[in-house]
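*Asks:* In case it helps, TrEMBL gives these features for our protein:
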DOMAIN    28-273  domain 'Nucleoside phosphorylase'
BINDING   Arg68, Arg112, Ile113, Gly114, Thr115  phosphate binding site
BINDING   Gln190, Arg192  substrate binding site
Amino acid sequence: MSAVSTKLFHFGISTETFDFCKIFQDIKYICCGGSQKRIVNLARHLADRFPINKPYGFMPENLCKSDRYVMFKVGPVLCVNHGVGQGSVSIMLNELLKLLKLANCTDVIMIRIGTCGGLGLAKGTVVISDSVVNGLLEEHYEMHILGKIHLKPTKLNKTLGSKLLNIAEELKYAAVIGKTLSVNDFYEEQARVDGALCDFTFEEKINFLNKAYNFGVKNIEMESSCFAAFCCRAGIKAAIICVTLLDRLEGDVLNPNDPFSEWEKRPVEIISRYIEKEYFKISE
């Protein structure tokens, strides 16, 4: 343990209560997503699937001691939720990177999974991001630090993205690689007209979405620009896999009869297969 206590406040853990090297040093993959429930299900799925030593009836334990995030360790994989929006993602990523440093982890790969709105894609399509743009369709994440604007690149690892696309195609999923539009709001910044307040017309909405589509944007969400910028800045290989729940060129509202739970399993299956191949060397 560290001689001076280090607290990861929003995770609710510290070097006083955790031996970070003992618990986390073998981590090679970080899998993160928005909701706590999604991460619980992911951890249980990986525990059932991976050939790791575990007692009969084993269930992954939540290592976070706060109510803000959940975190589960399954062999070489750490599963963490990041909440909704860039601010929540930023907090998680900062404390996660501190954790990795305290544990002396090396060569870690980080993958974000989630759901999104697609552009010109069939519902249920897997989108693997090759770059992330902001609401101005610029490939950077804007931060305001000490009264100054800082623009952070949002580059992702293209080799990793290509491997994930190949696996998606092996699994017979509809899948594409393209730009992700990542903004700070679910409603107006995503060109939705069904929020409580809206200062643009339906025609203006369609014009913007078509502009984004013609620029190469495949999907829209709220976390990827911060995620990509942070990983790029930290020198971490990263990828983003989302599945579309609707085509935003056709509407703003989900169809409750669509098989969302089945679609949400697609990114999980892709990263499971990727880790099986890369880490456990399971070919089939």
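Cβ atoms here come from the backbone N, Cα and C positions, even for glycine.
Describe the structural context of these features.
*Replies:* Averaged across the domain 'Nucleoside phosphorylase' (28-273), pLDDT for the predicted model comes to 96.
DSSP gives Arg112 (phosphate binding site) a strand state. Of all Cβ atoms in the protein chains displayed, 26 besides its own lie within 10 Å of the Cβ of Arg112 (phosphate binding site).
Spatially close to Arg192 (substrate binding site) yet at least six residues away along the chain are Phe186, Cys198, Lys205, Asp252, judged by Cβ distances under 8 angstroms.
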*Asks:* Arg68 (phosphate binding site) has how many other Cβ neighbours within 10 Å of its own Cβ?
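*Replies:* For Arg68 (phosphate binding site), the count of other Cβ atoms within 10 Å is 16.
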*Asks:* Within 10 angstroms of the C-beta of Gly114 (phosphate binding site), what count of other C-beta atoms is obtained when all protein chains are considered?
*Replies:* 23
*Asks:* Taking only the Cα atoms, work out how far Gly114 (phosphate binding site) lies from Gln190 (substrate binding site), in Å, as a whole number.
*Replies:* 16
*Asks:* Taking Thr115, Gln190 as the binding-site residues to compare, which has the smallest set of other Cβ atoms within 10 Å?
*Replies:* Thr115
*Asks:* What is the total of other Cβ atoms whose distance to the Cβ of Ile113 (phosphate binding site) is within 10 Å?
*Replies:* 24
*Asks:* Pop the Cα-Cα gap between Gln190 (substrate binding site) and Arg68 (phosphate binding site) into the table, whole Å please.
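*Replies:* Here the two Cα atoms are 25 Å apart.
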